[in-house]
Every structure is written in structure tokens, then in C-alpha cells.
Amino acid sequence: MIICTYLFIFIIGAMLGSFFNVCIYRLPRGEGIIFPGSHCPKCQAQLKPWDNIPILSYIFLRGKCRYCNGIISSRYILVESITGLLYLGLYLRFGLGVEFFYYIFFISVLVIITFIDIEHFLILDKITYPSMVVGLIACLIKKDLAGGAIGLLVGAGIIYGIVVVSAVILKMINHPCKDEGGMGLGDVKLGGVMGVFLGWKFVLVALFLACLFGSIIGLFLIFLKLKKRTDYIPFGPYLAMGSLVVVLWGEKVLGWYLGLLGR
Ligand SMILES: [Zn+2]
């Protein structure tokens with residue numbers, strides 16, 4: 001019976017992932033989320049409910065639109081499966097308590113931000129600001145508004161510091177991306193969201209992990225010649241990865257990190 005529960009949580013995650021795909025496509029384009037109904041981005045054909053079943057429709061249609069044969073981005077099945085797995089992971093970690101729903105919200109926001117950042121190099125205010133508000137309300141309910149506010153300042157402040165310092169360094173060495181900078185204000189606001197949800201202590205761990213993942217994966221992408229050294233690599237996905245690890249294994253990582261420092 002436990003398998004049924006797992007499957008149920010995964011399916012709910014995949015269905016919400018299907019909705020996140022709509023957000024990922026429409027929010028950066030300034031389109032409404034609810035109307036119009038789902039349509040093919042290439043031929044504009046209205047999709048039938050059976051064209052819209054998470055994961056399965058993509059497999060049955062072999063990644064092509066039923067109407068115009070246009071290729072459907074693999075991002076659709078990717079976001080649906082990842083969201084399903086993440087929901088399952090959060091359920092295994094927290095059970096079905098208040099914490100589960102708290103982190104479900106946070107991780108869902110991170111999924112949407114990650115895939116928009118990968119496609120558009122953008123972290124939208126209309127996602128980060130409302131998320132901060134929701135997080136602060138949750139902190140208020142937990143009677144720890146100060147904790148959320150301090151987390152926000154620490155998360156946003158550290159990334160803002162990195163943005164300023166890296167801009168100065170890029171200018172000093174006259175690097176070709178000196179005008180874009182390594183990170184932007186969108187990353188600062190995302191750091192704020194992370195701080196609200198994780199608290200100041202764990203947002204530090206998440207930022208440390210994000211830099212670690214960013215350097216390892218960044219070097220790997222350059223080594224495999226998938227990216228050039230001067231290419232812009234969005235940082236949002238690494239911030240999201242750092243946050244996810246902290247949500248699932250925060251205490252363990254903190255213990256290991258303090259051990260490294262010899263405490
Ligand atoms: Zn089509």
C-alpha cells in the first residue's frame with residue numbers, strides 16, 4: 001500500500017510540474033497563466049485533455065505535436081518527472097506534515113525559477129517578491145518573523161556582495177563579460193527568498209554548496225566544450241541545487257561542514 005502513496009505523491013508532483021511548465025513558458029513572455037487554455041506554441045492548436053497527461057502524453061506522442069508534428073521541448077517531460085521526484089523526496093523526508101507543504105512551496109518556486117533562468121537568463125521579480133511575502137507570512141505563523149527577515153538580509157546581502165566584488169574584478173581584468181557581470185540582481189532576490197525559507201544558518205550552507213556545484217559543473221561544461229569560458233552561465237540553477245540539498249540533508253551537511261572547520 002505504501003507504493004500507492006508514493007505513486008500518488010509522484011503523480012501529484014508531475015501534474016503540478018505540468019502547470020509549472022506553463023508558468024516557465026508564459027511568465028517570461030508576459031502571458032497569463034490560466035487563460036488561454038493549453039495550446040501548442042508552434043501551431044497554436046488547442047490541446048485536448050488527453051494531450052496534456054503529464055509524462056505519458058509526451059511519450060505517446062514521441063515528443064511531437066499531434067497537430068503540426070512540431071517538436072515539443074524535452075523540458076516538458078523533464079520538469080514533470082523532476083517535480084514528481086522532488087515531491088516524493090520531500091514526502092520521504094518530512095511525511096505529510098506542515099513542513100512538507102512549506103518546503104513543497106519553496107522547491108516548486110525553485111523549479112520554475114531554475115528552468116526560466118536556463119532558457120532566458122532571467123530571474124523574475126514577479127516570482128521572487130511574492131515568494132518572499134509567502135515565506136515571511138509562514139515565518140509569522142511560526143512566530144519567527146525575525147528569523148525569516150534576518151535570513152532574507154543574509155541571503156540577499158551575501159549575493160549582493162558577490163555581485164559588486166565580481167563586477168569590480170571583471171572590470172579590473174577587462175574581461176569580455178564585464179558589462180553583464182557574473183551574477184545579477186535576480187540572483188540577489190533569489191538569495192533573499194532562500195534566506196527566508198532556510199534561515200540565516202542554512203542559507204549560508206546553501207550558498208556554499210551553490211558555489212561548489214557552480215564551479216564543479218561550470219568547469220565540467222567548459223572541459224566538455226559545451227560552454228566557452230566567456231559564455232554566460234546562469235547561477236539560479238546552482239542556488240536551487242544548494243537549497244535542495246539543504247532542505248533534504250541540511251543537518252548532515254552542516255555537521256560535515258563544521259567538521260571541516262575543525263569545530
Ligand atoms: Zn502544434
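Any Cβ shown, glycine's included, is placed from N, Cα and C.
So that you can see what the record holds, here are the features copied from TrEMBL:
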- 11-94: domain 'Prepilin peptidase A24 N-terminal' (DOMAIN)
- 104-219: domain 'Prepilin type IV endopeptidase peptidase' (DOMAIN)
- 6-25: transmembrane segment (TRANSMEM)
- 76-94: transmembrane segment (TRANSMEM)
- 100-124: transmembrane segment (TRANSMEM)
- 145-170: transmembrane segment (TRANSMEM)
- 190-223: transmembrane segment (TRANSMEM)
- 235-258: transmembrane segment (TRANSMEM)
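Counted over residue pairs 6 or more apart, the CB atoms of the transmembrane segment (190-223) and the transmembrane segment (100-124) come under 8 Å in at least three pairs, which marks the two as touching. Counted as Cβ pairs under 8 Å, contacts with the transmembrane segment (76-94) are highest for 100-124 among 100-124, 145-170, 235-258.
Each residue of the domain 'Prepilin type IV endopeptidase peptidase' (104-219) gets a DSSP state, and the totals for helix, strand and coil are 97 helix, 0 strand, 19 coil.
Panel annotation: around the transmembrane segment (235-258), residues 86, 89-90, 93, 103, 106-107, 110-111, 113-114, 116-118, 123, 182-183, 186-187, 190-191, 194, 197-198, 201-203, 205-214, 217 of the same chain, lying at least six beyond its termini, place a Cβ under 8 Å from a Cβ of the stretch. Each residue in the domain 'Prepilin peptidase A24 N-terminal' (11-94) gets a DSSP state, and the totals come to 47 helix, 4 strand, 33 coil.
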